[in-house]
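Novice: Feature annotation from Swiss-Prot assigns active site, proton acceptor to 151. Sequence annotations record features per position, and here Swiss-Prot assigns NAD(+) binding site to 10-33 based on similarity to another entry. Marked as substrate binding site by Swiss-Prot on the basis of similarity to another entry: 138.
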């Protein structure tokens, strides 16, 4: 899929991986890049505009933990402004297993709520045009970092939820896939807390393993968006992009 003249809404598009991905996106000659983030960063927005002045870059403050109704209201404003949204990227995430409720609220519930809100506009059963959802998971959604089971569990939930969305595409008209970064050099992994402090040195130990830069991750992130494969589970690790084949152990039969 060519991203030229597309309208993309990026939740958490100013974070570590997010900002580098936003830089790559504007190079693709989007029509609009709408960034929803909790904290404004005028310098980063100005930089993105300078990378490609042809792209309209807009920022709206957004906390993914707000009720669905508030998200729907914000999306209504965005649709009124740019008329169509082609791609939604759900990228909000925290890594701190001391904050159990907030980890689940940001990493999973917020993603589900944002998705639910945009279906109000996209669902073909309501006369919507359909759309594309790219959800950011993590390799911990495949195999946990067991010292951070809350974070890992939230990312496993993202993979499962997104796979369900993909299978619902014939009904809703909305396709979906996950991008799942491996250990990436961002502030997220420099210092974080393990669950019940089972491993106080978890961040230090994790960074002893091979990593990738946020730029490497961003480049593959945008490649995955351009490939636009419904139901794909992409692994973005060590500077590579690889599709994951999920093993089926059970089928509901419905």
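Positions of Cβ are set from backbone N, Cα and C atoms, glycine also.
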Novice: Where residue 19 (NAD(+) binding site) and the residue listed as 'substrate binding site' are concerned, what is their Cα separation in Å, rounded?
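Specialist: Cα-Cα distance, residue 19 (NAD(+) binding site) to the residue listed as 'substrate binding site': 17 Å.
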Novice: Please classify the secondary structure at residue 19 (NAD(+) binding site) using three-state DSSP.
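Specialist: Where residue 19 (NAD(+) binding site) sits, the three-state DSSP reduction gives helix.
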Novice: Looking at the binding-site residues 10, 13, 31, 138, whose Cα is closest in space to that of residue 151 (active site, proton acceptor)?
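Specialist: Going through 10, 13, 31, 138 one by one, the Cα closest to that of residue 151 (active site, proton acceptor) is 138.
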Novice: Roughly how many angstrom lie between the C-alpha atoms of residue 16 (NAD(+) binding site) and the residue listed as 'substrate binding site'?
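Specialist: Cα of residue 16 (NAD(+) binding site) to Cα of the residue listed as 'substrate binding site' measures 14 Å after rounding.
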Novice: Which of these binding-site residues has the least crowded Cβ, counting other Cβ atoms within 10 Å: 13, 16?
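Specialist: Per-residue Cβ counts within 10 Å for the binding-site residues 13, 16 bottom out at 16.
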Novice: Just the number: how many Å between the Cα atoms of residue 13 (NAD(+) binding site) and residue 138 (substrate binding site)?
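Specialist: Each residue's Cα considered, residue 13 (NAD(+) binding site) and residue 138 (substrate binding site) end up 16 Å apart.
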